[in-house]
Amino acid sequence: MKALKISKSPDDAIKDLLSSLFEKQKIKGVFSLCYDQDYFYGFVTDKNLLNKLTPTAPVMPANGGKMLSRLTMLEPIQTPIVVVLRPCELRALYELVKLEQANIENLIFISFICPGVLSLKEIKGNIEEKVANVNQKQGLRECCRFCENFVPENADLILPIIDGENNNKTTIFIKTERGEELLQGIENNLVEEDFDSATLSSIREERTRYKEKTWQNIKTENFGIPGLIDIFGRCINCHACGRACPICYCNLCYFDSASNDTGPRVYEEELERRGALRLPSGTIFYHIGRMIHISLSCVGCGMCSDVCPISIPVGTVFTKIAEATQGLFNYVPGRDLEEKIPISTFKIKEFDELGEA
């Protein structure tokens, strides 16, 4: 495929490209990870503020797909905007489009082969220094360490940010016609090149081995109630995992509604019936409910684990469950915008092994 060569670091190459696109009035804004005393997602329309962008920093303060959903849910953005997201964030955005929670009209996507992000717990304190000195295999989110979908399939422009990449030379691969149109008139070195398949295979094999090792330690198939209590029993019912999840999009979750409000009378009835209470109540029910609702669209971003105040491996468990449910339908969330979420379709012949209805 065609590729653009820029003799700068990935972040500087992206900012140079965006600056040129602003000058040629091909775009009117950028949505990207930014840094100004802390990391955050920013929507930048002033070319002079592009220096705040840190698109490839190994940090995910929130799932960018969810943040972009909030900007586009009611109506599409009216002018061309470049969006820089990690593969899991882009796939989450595609799922939200299918769920009618986002719109990608006028959005041009830049993504990169993702080495993973640091756990938010790892970057407390001197955040800038820790990010600058990060060893990409130390302090990563566990979900990143076993992620096998680290190559973006649906971006217009793709950067190979992988171990061993020369930090002062950046290659930007042109994946789509829209990406090619965007770069027309940009004077630079265009070459014919492809991804380093051997390196990608090696990374994928390493992550698969780590995933299999992790799966052995969490035997969800043998969970039952005791297993669920063992994993989620220390949950404090804060629901932070649901609020951080890009797929949990309800304005009012049932578990936060009056319908699920457990008052003193309910506690009294339970105490009379059972002779003891487990508090806070409903924690296992909450996690089972979330699994049922999001497992087909879970992209394994790991935000849920990262925001858990008591370090429950929510993302690890949910990703394993999601892999099983998605595998039943040969479905990869966010892989293709035209591929419907299985629960939204109906097939007369499906799961014949279960017998006739």
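Count begins at 1; order follows the chain as displayed.
Even glycines carry a Cβ here, placed using N, Cα and C.
Note that this is a predicted model, so its numbers are computed, not measured.
If you check TrEMBL, you get these features:
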type   : residues : note
DOMAIN : 225-246  : domain '4Fe-4S ferredoxin-type'
DOMAIN : 289-317  : domain '4Fe-4S ferredoxin-type'
Intrachain neighbours beyond the domain '4Fe-4S ferredoxin-type' (225-246), with Cβ under 8 angstroms and 6 or more residues off its ends: 62-63, 65-66, 69, 89, 92-93, 95-96, 218-219, 253, 255-256, 280-284, 286-288, 290, 294, 299, 301, 303-310, 312-314, 317
DSSP helix/strand/coil residue counts for the domain '4Fe-4S ferredoxin-type' (225-246): 13 helix, 0 strand, 9 coil
DSSP-assigned states of the domain '4Fe-4S ferredoxin-type' (289-317) in counts, ordered helix, strand, coil: 15 helix, 0 strand, 14 coil
The domain '4Fe-4S ferredoxin-type' (225-246) [mean pLDDT, rounded to integer]: 91
